[in-house]
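Notes to accompany the following structure.
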Amino acid sequence: FSFRKLWAFTGPGFLMSIAYLDPGNIESDLQSGAVAGFKLLWVLMLATIIGLLLQRLAARLGVVTGLHLAEVCNRQYQKVPRIILWLMVELAIIGSDMQEVIGSAIAINLLSVGKIPLWGGVLITIADTFVFLFLDKYGLRKLEAFFGFLITIMALTFGYEYITVKPDQEKLLKGLFIPYCQNCGTPQLEQAVGIVGAVIMPHNMYLHSALVKSRQVNRANKREVREANKYFFIESCIALFVSFIINIFVVTVFAEAFFEKTNADVSSVCVNASSPHSSLFPNNNQTLEVDIYKGGVVLGCYFGPAALYIWAIGILAAGQSSTMTGTYSGQFVMEGFLNLRWSRFARVLLTRSIAITPTLFVAIFQDVEHLTGMNDFLNVLMSLQLPFALIPVLTFTSLPSVMNDFANGL
């Protein structure tokens, strides 16, 4: 084992782990904490472990074959199933990108104290396309360093909320290691399913299998291939552990502070804190429902304006990083399935426009306070798209004709 070699292979796993920290994930986390307390942490942990195993298969496919998943699908499937797979993956990318762009727009709205409307925030996020192209021009290592910086911002901001709220550590450990949900009903079950849909992203398999190709590996040398597989797996373990910790921060903050709270409880605190968002919460005894926007507001009411702005900065970092990795996924998928050879700018512009256009319509015709239903729908969409990514990954990595001596036994 060599730390120098691990550093050389470090990068693709952290870019891949961004999908485990996108605004859809963060919203799923905070709703899980508010609805079920600490009881669904074990679901989050199992979903992350399953995600790690699937990402490992995707990375192995890229390392061993020198082709990413979309390219292998292009070679192995007939035209009709290939087109169906491509459309399903594009649908998943658009759905994910909508969550990410709207997450960024909500963060901008919170940071501007409502002065920048949701549609304005969506237009501002178009700028990250040009940031992506600018950084990509200077090489993948620069892009990987930038994403590392954004992950650090998320760890610091959500870690600040965790330290401020001080969740019960005994309940945290119990929720992680006891796979049971006492007195749970339909809302908790829906959240459990939502966690799986939010954590395991279909297009992330395509992304990871392509990113590992950025490292030079002599595929004629089995020892080098085996070594690359080892270091990519270690890096993926570290990256997903970091993302898991950040997700735990969000779940436990809302589990500790807002589990079983009513609208009246929050409304009275917001009024006493002279919050400009007090009208968000009607003075009734219905259970509090939170999303990314309301989550930031209630943190501000309970723990001061600093908590609200630090939350918004974390969401903005999550949204900006995940929109750029979504753009990367889109161009790999389009290149691989359709065998297109466009310029980098043209591909990025097309894939970005496909995701931005429906998001802009939603932002224009919906206000910032009524987007939770759309986010839940998009998480369900992610779950429905999963088989269209998992079947190719599981199939190809078990075929000796594709993987040679590195095929899985199962």
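Cβ coordinates are placed from backbone N, Cα and C, and glycine is handled just like the others.
Feature list (source: TrEMBL):
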type: TRANSMEM; residues: 31-54; note: transmembrane segment
type: TRANSMEM; residues: 84-110; note: transmembrane segment
type: TRANSMEM; residues: 116-134; note: transmembrane segment
type: TRANSMEM; residues: 146-163; note: transmembrane segment
type: TRANSMEM; residues: 192-211; note: transmembrane segment
type: TRANSMEM; residues: 232-255; note: transmembrane segment
type: TRANSMEM; residues: 297-318; note: transmembrane segment
type: TRANSMEM; residues: 345-365; note: transmembrane segment
type: TRANSMEM; residues: 377-396; note: transmembrane segment
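Among residues of the same chain six or more beyond the transmembrane segment (31-54), those with a C-beta under 8 A of the stretch's C-beta atoms are 20, 167-168, 171-172, 174-182, 184, 187-188, 191-192, 194-196, 199-200, 204-205, 236-237, 240, 243-244, 247-248, 250-256, 258-261, 288-291, 372, 390, 393. Across the candidate stretches 84-110, 116-134, 146-163, 192-211, 377-396, the maximum count of CB pairs under 8 A to the transmembrane segment (232-255) is reached by 146-163. In summary, the transmembrane segment (84-110) lies against the transmembrane segment (377-396): three or more C-beta pairs, each 6 or more positions apart in sequence, are under 8 Å. By number of Cβ pairs under 8 Å, the transmembrane segment (146-163) is matched best by 297-318 from the list 116-134, 192-211, 297-318. Long-range contacts of the transmembrane segment (297-318) within the same chain, counting only residues at least 6 positions beyond its ends with a Cβ under 8 Å from a Cβ of the stretch, are 21-23, 25-26, 100, 103-104, 106-108, 110-111, 150-151, 153-154, 157-158, 160-161, 164-165, 253, 257-258, 266, 269-270, 273, 275, 277, 280, 288, 290.
Under 8 Å from some Cβ of the transmembrane segment (377-396) lie the Cβ atoms of residues 24, 28, 54, 57-58, 61, 69, 72-73, 76, 84-85, 88-89, 91-92, 95-96, 98-99, 193-194, 196-198, 200-203, 205-206, 402-403, all in the same chain and six or more residues away from its ends.
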